[in-house]
Amino acid sequence: MSRKSVLCKFFAHGACLKGDHCEFSHDWNDPQNNICTFYQQGACAYGSRCRYQHVKVSRSQSSVSNHPQYLQSEPILAGHPSGASSVVTGHASGVTTDSSLSSRSLLPTDKQPWGEMVGQEVISDISHIRERSCNPADRPICSLAATGHCHRGEMCPHIHGDLCPTCGQHRLHPFRPQEREDHFKSCQRSQKHLEALMHSDEIECSVCLERVLSKPKAAERKFGILSECDHPFCISCIMNWRSSSPSSGMDVNSALRACPICRKLSYFVIPSGIWYSSKEEKQEIVDRYKSKLRSIDCKHFDFGNGACPFGTSCFYKHAYRDGRLEEVVLRHLGAEDGQTVIVKNIRLSDFLSNLQIR
Amino acid sequence: MVDLARVQKELQECNRDVEVSGIRVSPKADSLTNLVGTIPGPLGTPYEGGTFKIDITLPDGYPFEPPKMRFATKVWHPNISSQSGAICLDILKDQWSPALTLKTALLSVQALLSAPEPDDPQDAVVAQQYIREQNTFVNTARYWTEAFAKTSSLGVEEKVQKLVEMGFPEDIVRSTLEAVGGDENLALEKLCSA
């Protein structure tokens, strides 16, 4: 199995630092390497509880495997660096240290690109690496220098990155403009998030009078943003209020669905881990929330088997089993009193009620 | 369940600026669901100078349900029952909001004292009087304030002297006053019925 056709595990978690230079595939259509390397070697301590597949793969399928230790053991699949490392962390450490030590001693000294993460990776094609290293854009960034000090200094085979003004680390690759740009963006995003979090930390819920982000239960440390006004509440308080049964004379729209402070009517509440400081930020939170819900199938619609009471205003996805989205044709009926009534399906009740359809 | 953490916070908050607002809330016994609030009568009204006690009971759903409030001090007002002390105020009923607190609710009650709503009365007799004989209303309200809302301002000795002047023996007056917690009106009632 070629590496390029195996989905990168780091990419799958949204955290591959190598970008275009990753030797694994960044295409969601490619399968993930889900095979347990410990099972391959003979014994997996997790047994049937292992998250990885317990299958034997013949040696013909493995592309990289001239490491002596691997030769001694059962035939294995090409070591996926990320897969191997995540398996290692989850498994008994005895095996890990053995193999990583021996593999390190055999590794060419100029190829340890991703520090600990790829300690398991077995690279045999030294000439290939040398050739690659000639082009500075192909040389990976030095992770030691990025986080602090690289003792190899000028002798380091890896590129020492430029200083990123936002995170203050040497993480900008001098010869990969795309990667620089990506890092720059993600760094600024996380910086912004951190600032927002600091700002949100101060904010109190007006109902329980507690700081929302310091509530005792982790699940309650969330804001409930009202769509129409900017008063802060924690999600549990505002949902509790909106779902409380109206006492006598209480109107659902003017009392329960209104903001407890300014009494402005809001039709929905958006949960959010952070509070916003500008209109644009609020819109961004709302849009993100809505797009997330749009990807979830509506349980009322139930792939066309059920009827969703929210109809076209539903935030969830209305799609049939074959992936086709629901198409709604709204019919505008002129009522006798001159008003227009919008109906979805023709129901007997349309005719039975005193609504007169022209 | 009543959100006790919130009630505790409210009490602290309320007692912090008691000098400014004059509004006090304190627990009746050990439980935080039965409280007593006191509000000063608003200046420029017949209630000026009086201190009004309000019984507060927090329902299980508080703060998502309004607190139950009732005047413990007798008061002459179109929107407050002269018999039971029941208060007719929208925010204590259908206009309640969880963002309101005991202090803000008591402030609203205080505002109600200075701005009666005779068109939406709780006590029809008082409301009638308010509409037809404004002067009599003001006089009655002032008299009730003097009689019922000012007792606590008098010292114990003054109360004793007042009751002794009415013809009761001093030692009985003292023991009765002690028994009713210093309320001279209650003491008078007890002395008369004894």
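Backbone N, Cα and C define each Cβ position, glycine as well.
Note that TrEMBL annotation is computational and uncurated.
The shown structure was predicted, so the numbers you read here are calculated from the model rather than taken from an experiment.
Residues A:136-163 are the range that TrEMBL records as zinc finger, among A:108-135, A:136-163, A:220-247.
TrEMBL tags one of the stretches A:30-57, A:170-197 as zinc finger, and that stretch is A:30-57.
As a summary of secondary structure, the domain 'C3H1-type' (A:136-163) carries 11 helix, 3 strand, 14 coil according to DSSP. Summarised as a single figure, the pLDDT of the domain 'C3H1-type' (A:292-321) averages 87.
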